[in-house]
Amino acid sequence: CTVIFTRLATRDLHKPISILFCNLAVSDLFTSFSGFWISMLFITKPDITIFGSQDMLAPYALYTTSILSTIYNLVSIGIERYLAVAESMRTRFRVARNHSIAVVFISWMLAFFLGCLPLMGWNCLHAGRNISVLYSPFCVNYLVFIAMPNVAVAFLVPLFTYLRIIIILRKRKLRMQACGQAMGTYRSAETQVARTSISIWLLALVSYAPFLAGVVFDAANRRCHTDLYPGAYIFRNCTAMLITITCLGNPVLYTLRLRALGARLKALRCLSAARGQACAI
């Protein structure tokens with residue numbers, strides 16, 4: 001919410017990357033909201049979160065949609081950063097504001113379509129076979145269809161894009177060094193990108209790898225719900241907590257630099273105070 005507020009209040013949405021940052025914050029907000037919804041159902045009606053029910057389809061669908069939107073946003077930000085520094089044969093391709101808006105629209109449409117497939121009928125409410133043990137009433141084949149390609153995209157695409165950015169910055173640094181020019185800017189930029197990219201990749205690895213392991217276990221499992229209680233469901237809750245940590249880590253890695261945020265909030269407070277004094281006069 002702080003990211004969304006500061007972006008909207010300081011008019012940073014004119015920049016294409018700021019649109020992606022703000023959309024990432026919206027996705028994280030939806031993930032937190034749907035996770036809270038599932039947690040309340042777990043507290044009030046724990047049996048339906050274990051054995052599955054019609055009431056679990058909507059919160060699970062919203063949860064899946066928000067996670068998919070977060071993944072697509074992370075991939076879009078990595079590609080946008082790569083295009084911002086990558087140089088083509090003659091000219092540099094610049095991502096325009098309309099491009100970012102189109103990416104946001106397409107990512108949400110794709111996330112809603114894939115996330116709401118169980119609401120459209122791809123569920124195991126009335127089928128004993130192929131039902132997920134960890135995420136009933138979802139079907140195992142649906143979880144495999146959703147998790148495998150999207151988690152692979154979340155791992156591989158940011159890894160490729162940020163490695164390419166580091167390679168491009170290093171080549172430019174070596175070129176300037178050969179020409180005898182100062183290269184402090186490129187050295188600091190390379191270090192900053194390397195640290196940020198490693199943090200982003202490790203956060204995705206820690207957050208989504210356990211969920212992928214749970215889906216693989218679910219697909220290979222042949223035991224019923226009661227045989228796996230409570231250990232498997234404790235693991236499921238831990239994977240949900242890790243995904244929530246991703247929602248907290250994304251603003252820190254991408255947008256919330258504490259000094260800059262404090263300066264912006266202070267500027268906004270001073271601006272509102274100045275307006276109040278002007279109105280009083």
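Glycine is no exception: its Cβ is also placed from the backbone N, Cα and C atoms.
Annotation source TrEMBL lists domain 'G-protein coupled receptors family 1 profile' at 1-254.
Long-range contacts of the transmembrane segment (17-40) within the same chain: residues 1, 3-4, 7-8, 49, 56, 59-60, 62-63, 65-67, 69-70, 73-74, 76-77, 80-81, 84, 95, 97, 100-101, 103-104, 107, 240, 243-244, 246-247, 250-251, 254-255, each at least 6 residues beyond the stretch ends and with a Cβ under 8 Å from a Cβ of the stretch. What TrEMBL records for 17-40 (among others) is transmembrane segment.
Under the heading transmembrane segment, TrEMBL lists 60-79 (among others). Long-range neighbours of the transmembrane segment (60-79) within the same chain, counting only residues 6 or more positions beyond its ends whose Cβ lies under 8 Å from a Cβ of the stretch, are 17, 20-21, 23-24, 27-28, 30-31, 33-35, 37-38, 100, 103-104, 107-108, 110-112, 114-116, 118-119, 135, 138, 146, 150-151, 153-154, 157-158, 161-162, 200, 204, 208, 243, 246-247, 250, 254.
For the transmembrane segment (100-122), same-chain residues at least 6 beyond its ends with a Cβ under 8 Å from one of its own Cβ atoms are 16-17, 19-20, 23, 57-58, 60-66, 68-69, 72-73, 76, 80, 137-139, 142, 146. The feature transmembrane segment is assigned by TrEMBL to 100-122 (among others).
As annotated by TrEMBL, transmembrane segment applies to 142-167 (among others).
Away from its own ends, the transmembrane segment (193-213) comes close to residues 71, 74, 78, 147-148, 151, 154-155, 158-159, 162-163, 165-166, 169, 235, 238-239, 242-243, 245-246, 249-250, 253 of its chain (Cβ-Cβ under 8 Å, at least six residues beyond either end). Positions annotated as transmembrane segment by TrEMBL: 193-213 (among others).
According to TrEMBL, the feature transmembrane segment maps to 233-256 (among others).
For the domain 'G-protein coupled receptors family 1 profile' (1-254), the model's average pLDDT works out to 80.
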